[in-house]
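What TrEMBL records for this protein:
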DOMAIN    88-250  domain 'Mur ligase central'
BINDING   G90, T91, N92, G93, K94, S95, T96  ATP binding site
DOMAIN    273-387  domain 'Mur ligase C-terminal'
Amino acid sequence: MKAAVIGYGKSGRAAEQLLRGEGYTVIDIFDDGNAEMHPVAEFKDEYDCVVVSPGINLRKMANAPEIYTSEIELADAKRPTDTVVVAVTGTNGKSTVTTLIAQILKKCGLEAVACGNIGLPYAEAVTGGAYGAYVVELSSFQTGMLQHFSADCVVVTNLAEDHMDRYRDMDDYADDKMNLLRFLKPEGRLIIENDEYLVQKSSVYKGDTVRVLPEVNNGRLDFGHFYCTTDKFPLKGEHNLLNLSFALLAADSIAGLEGDVTYLTENLIGLEHRCEFAAEINGVEYINDSKGTNIHSTLTALKGLPEGIVIILGGKDKNGNFAALKDVINEKCAGVITYGQAGEKIYSTLKDIISVPLYKAEGLESAVRKGAEVAEAGQKVVLSPACASFDEHRGFEHRGAHFKELVQSIRIEEDE
């Protein structure tokens, strides 16, 4: 049998290894550019299977044949039938929720693994270990491509404008996300944020649906047949209580929770680059929220932090509406620094609508140094860019690591 792999990132490499294990003798690799130029008819004639990586926009490949599949679908077909899948999607928070669910399921006694868009390819998880539960993070690019999949539980954290450089409008983006619901078992559970737009979009699923709007009463989150106190939960911010609620409800759908489950919330580990404390220098805290790659994520981060923020915004524009940041900037920020490819657009958008000092910087290094210059003791310099990273960095992880390196260099200079 003969296969093609289009796009050779992490998921493409994992798909290749899975295909080799399935007996494919010829596997041709195409990079992203060649894929979109290659005649679709030739793929159909030449290959038994064509695996498309999520970075490839199938909309540019008109009349794509049915032999097109994805690493996610290959992995799910290979997954043992006695295992379960929790699929997590949404605009923001999905990586945190994915890792929390996996950690909580492990505490419940299941061999669980966080995989998918979070970093470990689903195919690698399926072929590389004996797991009972797969917690699979899925981007809109991955959910939109699905033709065959099966989930026992689906979590949709939220829907907010994102990837407008790829989608026609918000409904187009949401429809790709909601394609996942076609593959949720009728006896499964759908867990969503209690948001009017998301409720309307998810109404195609007629099974058990839980709408999440966490309320803390006397230091306790109550879910009916189970509850937890919040004092042992190490992740800070209101948005993380929402993330915890998603995770506990998902774990309940798989493992069945009863009574006081506070023990499940202890010693949980958050993810790097999500409102991560980097350092304190001369009374100024530096916070790395490089995963803030869109407007909604940055809004959420700012709302969860106290006043006195010098925020760094910029990177590669995703056609974001930066005016949406006006109110939270005026409420929470002591200054704004713009940088990168989107810097000029952000600056021109905000200059007449915010009431705090606004500064321009060329790159991330100059932005961080400007933050160190203008922030006062008791304030925070926060990198939450509201943009993609690909103007200056290889990804949000690279950008966050660079930010922390720059902060440490400032610390060293101050200590000399």
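Here the Cβ of each residue, glycine as well, is placed from N, Cα and C on the backbone.
Predicted automatically and left uncurated, TrEMBL annotations should be read as such.
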What residues, ordered by sequence, lie under 8 A Cβ-to-Cβ from K94 (ATP binding site) and sit at least six positions away in the same chain?
-> V88, N117, E137, L138, V155, T157
Residues that sit under 8 angstroms from T91 (ATP binding site) by C-beta distance, when 6+ apart in the chain | T157, N158, L159, A160, E161, D162, N294, H296, S297
Excluding G90, T91, N92, G93, K94, S95, T96, please set out which residues of the same chain place their CB within 8 Å of the center of the CB atoms of the ATP site, keeping sequence order.
-> V88, V97, T157, N158, N243, S297
What three-state class does DSSP give S95 (ATP binding site)?
-> helix
For the domain 'Mur ligase C-terminal' (273-387), the DSSP residue counts stand at 39 helix, 32 strand, 44 coil
Around T96 (ATP binding site), how many other C-beta atoms are within 10 angstroms of its C-beta?
-> 27
Mean per-residue pLDDT computed across the domain 'Mur ligase central' (88-250) | 94
